[in-house]
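Accompanying notes for the structure given below.
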Ligand SMILES: Nc1ncnc2c1ncn2[C@@H]1O[C@H](COP(=O)(O)OP(=O)(O)O)[C@@H](O)[C@H]1O
Ligand SMILES: [Mg+2]
């Protein structure tokens, strides 16, 4: 059974519904990310779980108990804020000790646990500093230590890295994953950065306008997006709306206009009824050989060519609209050149 | 502009303050230690030995302390409420809170006379309701002064507090709660310490204002003197400029002591304020 269950919850600010019949499950010891564009309701979900917001409808179960009406301070969840929310009038030590003192832990144990936690986040020696005397990354670590030291049953992160510069972001996310796995702590992580979420999560929930579009392992989502929204969000820039679809064993035949395409049957294509094809620019092959009609090919003309560093990016105009393809090559195609776009069978997915 | 040139900008303000404030204060205080060309503490000894003077000093301090405390108690919740509002509404509420400052102290004191007098609103209401037989003596007592001064200085307390409270990140309260603090504890351990600098500024303004107020105690205090009215009486009616200077020096000393003590308290409550 899942440790955390959101069962059909609805949340509204004033009269505007943000989450409607929202459900989510999270297993003990796992890290689940909520990923989605700004304003899709990620923070709202997190605040609901933390107890800062109340659901209008639905239930929140935690460890088999109904937590829907449990007040924030009785939940024992750690929350790491986007702004860190460190207490500016307290030293690093006192910030981290805050939760333990609320729990009336004895002074000697407080000191031991605070010091151990500062070690975990590599901040030993900083306990006398004040938040404004720390760098962004260090503040972030204090915030994590403060949330972790209370040995929370659940750890909640709201875009914890968005205020850090790019290098530090990568280091910190590795750090967060390391600590999470070391302590085996169940974690819900919110971000709008795809790479960040995919790199550290056991599971990712892609959110859009208050609903979960897909919840899966990151690898699965990356390869087999379930909906057009997810596909677009993770970089499938090319779409074809097929008119007909017929499944026959290992292959799926797809028709559009007079053209026939084939897709391999795999978790990304078997979704019944899905007729919208999607493919990444990296997987689309631009062939200069226009002699004969190859399988899964679509003739077109190079409209725009740009240099990306490792590869060239082409916008190719075809009878089915424009397609974007990235290709590594020595001498690029020129604008106006006739080409064939090849859709590799196993790279074409079908989304809803 | 060159860095050294920038300091010249300070000159006009500096000259003004020196000419009209620092020098007169130093001269006034200095003059209290000199009589017939010799150093003396007689003025002060005389003052602190006279029970009548001491009574005035004590009443003044009492009135100032109580006024300050009442302003804290009334001002904090109001300021907290105002600071949580959206900018537009906050502006309106602040303007309303400041309104008393924009009316003349004389007019304000006269209104309090109408409200507090023996035939005033309060007494009429209480007698009319049969709650008391004889009208209460409120007007011309220290209580009347405190009421008038609270009315006068509460806005200063509110402005000072709103200034700090509105800058406190709401996430701090949430963080405290997520760490196990009840709403009240979160307020006490986070909001309050962060509000201390504003509280100190507000308290100093109210206290010093009450300590040196003239019009309000003169109109509402009746025969009850405070040091400001006593000073005026000595200087203007009795023409005793020496005693008036001694009183002024004592007022200045009290002001400095209070500011110092408040700052010390603020430092211990909020070391990073
Ligand atoms: N306090 C609030 N009052 C009214 N609307 C809000 C409030 N907070 C968020 N919203 C709205 O709720 C929606 C979801 O917000 P949020 O959960 O913060 O999104 P995300 O974290 O995914 O960017 C947004 O449209 C936002 O404008
Ligand atoms: Mg957010």
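Glycine is no exception: its Cβ is also placed from the backbone N, Cα and C atoms.
Record features (TrEMBL):
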- B:57-262: domain 'ABC transmembrane type-1' (DOMAIN)
- B:7-33: transmembrane segment (TRANSMEM)
- B:53-80: transmembrane segment (TRANSMEM)
- B:92-115: transmembrane segment (TRANSMEM)
- B:143-165: transmembrane segment (TRANSMEM)
- B:186-208: transmembrane segment (TRANSMEM)
- B:241-262: transmembrane segment (TRANSMEM)
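Counting Cβ pairs closer than 8 Å to the transmembrane segment (B:53-80), the top stretch among B:7-33, B:92-115, B:143-165, B:186-208, B:241-262 is B:143-165. Beyond the transmembrane segment (B:7-33), the same-chain residues lying 6 or more positions past its ends with a Cβ under 8 Å from any Cβ of the stretch are 39-41, 43-44, 242, 245-246, 248-249, 252. Residues 78, 81-82, 85, 121-122, 139, 144, 147-148, 151-152, 154-156, 158-159, 162, 215-216, 219-220 of the same chain lie 6 or more positions beyond the ends of the transmembrane segment (B:92-115) yet place their CB under 8 Å from a CB of it.
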